[in-house]
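Participant: Please find one structure pasted underneath; my questions will follow.
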Ligand SMILES: C=CC1=C(C)c2cc3[nH]c(cc4nc(cc5[nH]c(cc1n2)c(C)c5CCC(=O)O)C(CCC(=O)O)=C4C)c(C)c3C=C
Ligand SMILES: [Fe+2]
């Protein structure tokens with residue numbers, strides 16, 4: 001399968017011809033539309049750097065910016081397509097995650113109106129235009145900055161909106177896992193939004209717009225801000241690091257591999273409702289890292305906890321210079337004859353081969369929200385995993401990790417959410433139309 005619309009389903013229809021797609025780090029699809037100035041810069045940058053990887057969210061070092069927000073700001077992710085944006089697109093530098101609860105008495109019609117208003121706003125904001133219904137001028141001088149708006153439906157939405165018979169089976173509650181310390185006030189919710197952008201103001205602005213458009217219909221339940229590497233921070237596009245310092249995301253399913261779409265997206269037929277075809281399920285976990293304990297561990301022991309080298313992300317046992325994409329050999333032995341990748345190493349316990357082929361597309365973001373009362377960092381990973389069936393993806397893997405993963409000693413799962421993501425908004429239509437009118 002190639003990195004085309006069939007595998008990514010991100011259709012640039014209606015957004016002009018300047019679409020650049022390439023497989024970026026960690027298998028995400030780099031697909032952004034640049035304004036005239038940005039497109040010119042891309043060509044110029046590619047011509048000037050021999051052997052450089054085509055990278056369509058341009059490096060800040062280009063600087064020759066014109067138009068809204070400069071080159072980084074002009075990069076634009078198509079909002080419409082077979083699948084929603086923000087799934088196969090590479091993680092942006094900033095994310096706002098939030099969930100909303102429907103107000104009392106808001107039924108199907110109220111939900112439809114809300115989704116229509118959100119779609120209209122997302123159409124405009126992702127194109128770098130202010131929202132027509134409400135705008136507070138916070139993002140006025142910025143371009144779209146690769147803004148994506150991704151919407152999901154929690155299990156509780158379906159009863160409230162009179163859609164109980166349309167609730168998909170994959171929204172059955174996740175089981176409780178050993179060690180869970182979940183705060184329901186920071187998870188779950190009727191409606192979920194993931195807003196990514198390469199600029200913090202653009203992301204916050206988009207969330208504020210959606211929140212204002214929801215006034216009287218749905219109230220914010222929780223909100224979490226996250227971040228990832230800013231494009232251009234590294235000399236070459238590489239898979240990002242998390243707050244434990246590990247390269248995180250290497251062994252994700254890749255859009256150019258066979259069966260990618262079947263792992264990540266729901267297909268028509270089977271036990272999935274027709275409205276979810278082209279959609280996906282998202283598992284969210286707010287996972288705090290016990291960084292004081294982690295950082296007290298020598299690097300070689302940290303590496304054995306994960307099963308990969310910190311420097312370059314290569315699997316333990318791989319020769320020097322092998323790189324993060326080097327194949328994982330779970331049978332490799334060290335000089336002393338023991339397993340190079342220990343029995344409780346995270347990548348061994350989480351591997352699809354150890355979990356009946358369970359697969360998911362991880363697209364997490366770091367968070368750092370200051371200190372807890374005991375002085376330890378309130379920091380970790382906003383874990384986001386997209387899959388076609390959480391019962392065959394996240395749940396079996398997390399069950400295994402919670403019992404036998406060396407990494408779990410350094411983690412606390414503090415919030416959780418499970419959402420069904422409808423397919424992309426149909427041409428001229430709105431997000432969730434297949435659910436409400438199908
Ligand atoms: C239930 C699923 C998973 C949770 C929860 C999870 C948390 C978590 N992971 C890291 C760091 C890394 N994970 C890596 C690989 C990896 N993780 C999962 C699943 C969960 N991780 C899978 C399926 C895999 C791939 C396994 C494989 O096939 O090799 C890695 C290695 C690099 C990579 O492939 O991404 C790191 C590093 C943290 C810090 C964390 C919770 C905070
Ligand atoms: Fe992991």
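Each Cβ is built from the backbone N, Cα and C atoms, and glycine gets one as well.
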Participant: Can you say which of 288-307, 308-327, 328-347 is given as region 'Disordered' in TrEMBL?
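Facilitator: Checked against TrEMBL: region 'Disordered' maps to 308-327.
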Participant: Report, as numbers and ranges, every residue of the chain located at least six residues beyond the compositional bias 'Low complexity' (313-323) whose Cβ falls under 8 Å of a Cβ in that stretch; write 'none' if there are none.
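Facilitator: Residues 239, 246-247, 250, 303-304, 307, 329, 332-334, 340-341, 345, 347 contact the compositional bias 'Low complexity' (313-323) from elsewhere in the chain.
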Participant: DSSP says what for the compositional bias 'Low complexity' (313-323): how many helix, strand, coil residues?
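Facilitator: Residue counts in helix, strand and coil order: 0 helix, 1 strand, 10 coil.
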Participant: Looking only at the domain 'Dyp-type peroxidase N-terminal' (84-227), what is the model's average confidence as pLDDT?
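Facilitator: That region's mean pLDDT is 97.
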Participant: On the DSSP side of things, how many residues of the domain 'Dyp-type peroxidase N-terminal' (84-227) fall into helix, strand and coil, could you say?
Facilitator: 47 helix, 33 strand, 64 coil
